[in-house]
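**Student:** Take a look at the following structure, please.
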Amino acid sequence: MRPIDDTPLARDGKVLILAYDHGMEHGPVDFEERPESADPESIFRTATHDAVTALAVQKGPAEAYYPSYEDDVTLLAKLNGTSNMWMGEPDSSVTCSVEYAATQLEADAIGFTVYPGSNKETEMVEEFREAQEAARDYDMPVVLWSYPRGQGLKNDTKESTIAYAARLGLELGADVTKVKYPGSRQGMEQAVQMAGKSKVIMSGGSKVSDEAFLDSVRAVMDAGGAGLAVGRNVWQRQDPESLLDSLERVIYKDDTVDAALR
Ligand code: FBP
């Protein structure tokens, strides 16, 4: 476990990763709500907001756009991914090595998905092991997208399932573990407790109202979570900066949702 407080991934010990790997994971459908969001340039610009501690992208957008933003954006290279066209057992192809992320992309941190419960879990955990150990050589923080899914897992946001997902982050050596919101502060408290010294952050999910989204973020912070990794709830909004202003108040200034919305 590597404390992330002294790395660019954290601000005051808190984390707000802007996730933008959706072009791979979901495809163009996610950009329909706000067509401008299909342009990575607009998202790299959004990631310069002070509230954002890192931008998570796949290798291609990093290679093409990051060189102009190296001074203003912390890059988290997402090292595996799957398209929505894949109909097999939940799995994720390794798309980039740690060495490539560090030396070619100039990334500051790495991100990796594991689907515990999938029939591909054992291979994915072995791939994560390779990435996690290599990341230590480059002193890069490791963020695990821990998303239980597969034939036996119908409800992947049940409190006990999310607590297990968070615990796996600790067991596997992630510095930060990203889990789906279990629906309550209490559920998140269990996850945080199970993760021990590994930090837990919430995954944003599909777009909801400002208030509903900030309420869930408030609950995560109150539960001892370190922050969130969010995509659609920021860049599908007509004014992403305005929501980032509110998130900045809730996450770093410990404001209430009402105050953050005023
Ligand atoms: P959102 O905040 O838009 O949910 O993004 C978080 C994220 O983990 C992305 O990094 C990823 O592309 C997406 O969710 C995957 O979601 P799922 O696998 O549940 O469709």
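Just so you know, glycine gets a Cβ as well, placed from its N, Cα and C.
Under the heading active site, proton donor, TrEMBL lists Tyr147. What TrEMBL lists as active site, schiff-base intermediate with dihydroxyacetone-P is Lys178.
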**Student:** Counting across all protein chains present, how many other Cβ atoms fall within 10 Å of the Cβ of Tyr147 (active site, proton donor)?
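**Tutor:** Excluding its own Cβ, the number within 10 Å is 21.
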**Student:** Measure from the Cβ of Lys178 (active site, schiff-base intermediate with dihydroxyacetone-P) and count the other Cβ atoms within 10 Å, all protein chains considered.
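**Tutor:** Summing over all protein chains shown, Lys178 (active site, schiff-base intermediate with dihydroxyacetone-P) has 28 other Cβ atoms within 10 Å.
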**Student:** Which whole-number value in Å describes the distance between the Cα atoms of Tyr147 (active site, proton donor) and Lys178 (active site, schiff-base intermediate with dihydroxyacetone-P)?
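**Tutor:** Given the Cα positions, Tyr147 (active site, proton donor) is 8 Å from Lys178 (active site, schiff-base intermediate with dihydroxyacetone-P).
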**Student:** Tell me, by DSSP, whether the residue listed as 'active site, proton donor' is helix, strand or coil?
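**Tutor:** Once the DSSP labels are grouped into three classes, the residue listed as 'active site, proton donor' ends up as coil.
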